[in-house]
Each structure stands twice: as C-alpha cells, then as structure tokens.
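**Student:** Shown below is the structure under consideration.
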C-alpha cells in the first residue's frame, strides 16, 4: 500500500446502506473516504456509493471496506484505490485468519469470475495468465489491524468480540501489526461511542510505519484534536456525515 | 527478514529435547538449522542446542522456532539470526492471532525483563529508550505462514488442528501469506509422514517473495528432489538427523 498519510487527518466512513445527506458537498472537507457498513450492505449499494464519491470528488482517496466477499466485484475493485480487509485481533478466528484464507482461496479458485474481462489492468491476459492476474488483484487488498472496543456495537456482535482489550493489549496488538503482520493500518474502533485518547496513546508508541486511525463517537473538533494529539494519524467520522452535516463540519481539524 | 534463500535447499530441524547424534558433523552438509520441538522443550535445552550449533558451525544460518515464549530469553534471542513464530492457518485462534498478541503484549509490557542489560545491541539504552529496544527486538521475530497436514501428529494436537487443507486451500493460504500477511516463509508441515508434492505445487504457483518450505517424512534424496522440483525452496529434515545419520545424509540434495 503506497498511500501517503502525510496530509490525511480526517477520514469519512460512508455507509452505503444509508442516504447521502442533502448537502454531500461537505465531503470536500475530508481527506479520504471509506465505503463500508454493517447492515443492509450489498454489492450494488457499495458500487453506487463508490461511484458517487468518485465522480463528485475524483481526487479523494477512496477505499472499500467490505465485510463479506459478496460486497466485492470487479467493478468495485476497479473503482477504488484499495480494498481494506479488517483483521480483528479481539474477534473470533473466523474474523481473522479464517476469513482471509477463504477470501484468497476464492480468488485463487475463480480468477475469471472474480476479475472478469473488463479489468483494463489485465485485458486479455485473464485466461492465459491467471496467476499474474490474481497477483495484481491481490495488490489492491490491504489488511487493517483492528481492535473493537465497544461490546455493545454491531461491529462487536458481527465479529464475535467478547472482550475489549486493555491499553497494554492494544499496545501489544499495535506492536504485532507493526512488527509481525506489517499491515499498513491499525484501527481502534469505538463504534458509536467516544473512547478518549488512552488506547491511541498506548498504540502510538510502537507505530512508525503503520498508520494509526481512530473511529467512534467523534462529534466535536475538540475530540478530533484530542485523538490526533494522542498520536493518531487520522480520525474516522461516520454517523454524523449521514445524520447531521453541521455537526460533521465541526469534526474537521483546523 | 533479509535472508538469502538462494542457496538454501536443505534445512535441519534440531529438537532440543533429543540427543545429538554421535556424528553431529553431518550438519556440515545442511544449509541452515532451526532449533525447535514439541515435547520436553525448555529455555535451557534450546540454548544448549543453539550454542552447540553456533560454536561448531558458526557460518550456518540459525533460527529458533519456539512454541512458547517460555523458550525465549535474551540469550536465545542474541544467539540466533531470527526467531520464527508459526502462524498456523488451520489451527485454532490461540495459535494464530491470540498467541501473537500475547507475545507482543508481553514484550511491550516487560522490555527490561525480556531484554536484560546484556544485549550488545542496546546496552544502557534499556531504561531510557524502552520503545526503541522493543522495536529492535521485534525485528528478529518473523512469521511463518504454516499449514499442518497430518492430523495424527503432535503438532496438530498442540495447535488444535482438526481439519487438513485441500490443495486449493493450501494455495489460498499461500496467497494470503504472499499478498496479505507478507510473512517471509510459508511452511507445509506433514510432520512425520511424507505428503508428496501436490500441496507444494499448489502453493508454489502464488509465491514469489515468500520462501516455500516443506517438512515431513523425508528419508531419501528422491523425496527431496520431488519436493524441490514441485517448487519448494527447501526441505526440512528433522527426525533422521537424531535417529539415523546415514539416512540423513541421503536426504541432502546433490
């Protein structure tokens, strides 16, 4: 993942199952967009959201974070810069290695179906050079080291998170991300509730190459600043983009 | 892991709980040594084996593959080139992410105890620059993508492997290793029984940057050749080093 985090401090998570706000131009104030959600997500609404963001904000870095391979198609892959695949450290096995092996087994077993003939990158090579196609495709997939810290969230329920991590365990997971898995991102997710800077500070001490992002309950610039001051590269703001664009504006750092 | 696999085709796994053979000079014919085992392994016998190999064969690349952090100390870390940490794709969660988070949480929480003051790399920096020390230490730890294909083995019992992978799943795990986890090694382990070249060939098609190794039941050069011809970078030979050095010699490729 050769993505320049230098100027990215504010990322908007767009839920493809929710309506865009009347004034979607506020996205002009964010630094990147992730398309992904939990409920009612389909390949079609992902593609709609991706294409809308891409056409209205062509220069905005754009990611898809699918929570099932059903939300991924050759069209979505073509349209985004990267596919983010969560590796949930405190979830069950099916949300870490199990899911990843399944995903790559599927890619390996069905390169034609997964890729189709419309990918400019590969053109007519699909049939004759399936292996290379798979390798190209796989380059768009990057891992996110992920810790879910709100047990009452949909995200926790879906990944079978039964215990949150202590700050020491968050730090350990961050170090594992930086040193062992080498995923390019480490994501602390408080999903709907503001978790404060403690976990961020614990993780930040070990992360040099890995981007550190925080999401959950951010509704004011003061919170954004607190998280960035604790060492995060960026905050992720979701709900209030859909629900209250005035509030959303107030989450954007100076 | 900046290790040159170019000339490494034969690796010997030395079990620290077993006796060295009378004629240990046969190790002069292998290309690298991994110290690690399942039963009766302690920090002390690991260190003994590591130091013996290091002193008699100072130029041989030397790895430790601990199956518990109890087998690791500042002395073992200092004495080896790399620490190999298995990530068992078909094991339970405790043998993938769970173990890794615990390991790095422990390193992060106890840098002094883990590292001590005798590490030349860090010297007096331990107290003042704990974070940097941890980062240095973590650089010696590398992951091995691992698939255990013999359900009757001790290795399978210890990692709670309940199903073997099909060749397609082995290929998927290989692709996940190359593209997603980016571990420098992918290890197909038939532990005590010869599995033939099929899994190796399935995995090899996706591996460019990742070294592919095979272990299990190799007792003849013909088997070594078959595995290498299928695309493995190296075979790993264990049991017959301890049990029958004449047979061991016959596993060494031309």
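Backbone N, Cα and C define each Cβ position, glycine as well.
Curation plays no part in TrEMBL annotations; they are all automatic predictions.
As listed in TrEMBL for this protein:
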- B:13, B:187, B:188, B:189, B:190, B:191, B:192, B:217, B:238, B:239: sn-glycerol 1-phosphate binding site (BINDING)
- B:15, B:38: Mg(2+) binding site (BINDING)
**Student:** How many whole Å apart are the CA atoms of residue B:38 (Mg(2+) binding site) and residue B:13 (sn-glycerol 1-phosphate binding site)?
**Tutor:** 12
**Student:** What same-chain residues, at least 6 away in sequence, bring their CB to under 8 Å of the CB of residue B:188 (sn-glycerol 1-phosphate binding site)?
**Tutor:** B:147, B:149, B:170, B:195, B:199, B:200, B:203, B:212, B:213, B:214, B:215, B:216, B:232
**Student:** Validating a neighbour-count step here. Other CB atoms within 10 A of the CB of residue B:192 (sn-glycerol 1-phosphate binding site): how many?
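**Tutor:** By my count, 15.
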**Student:** Non-local Cβ contacts of residue B:238 (sn-glycerol 1-phosphate binding site) (under 8 Å, 6 or more apart, same chain)?
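**Tutor:** For residue B:238 (sn-glycerol 1-phosphate binding site), the qualifying residues are B:12, B:13, B:14, B:15, B:215.
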**Student:** Let me check the 10 A CB neighbour count of residue B:15 (Mg(2+) binding site). How many other CB atoms are there?
**Tutor:** 21
**Student:** Please give the maximum pairwise Cα distance, in Å and rounded to a whole number, for the sn-glycerol 1-phosphate-binding set B:13, B:187, B:188, B:189, B:190, B:191, B:192, B:217, B:238, B:239.
**Tutor:** 17
**Student:** Where does residue B:15 (Mg(2+) binding site) sit by DSSP, helix, strand or coil?
**Tutor:** coil
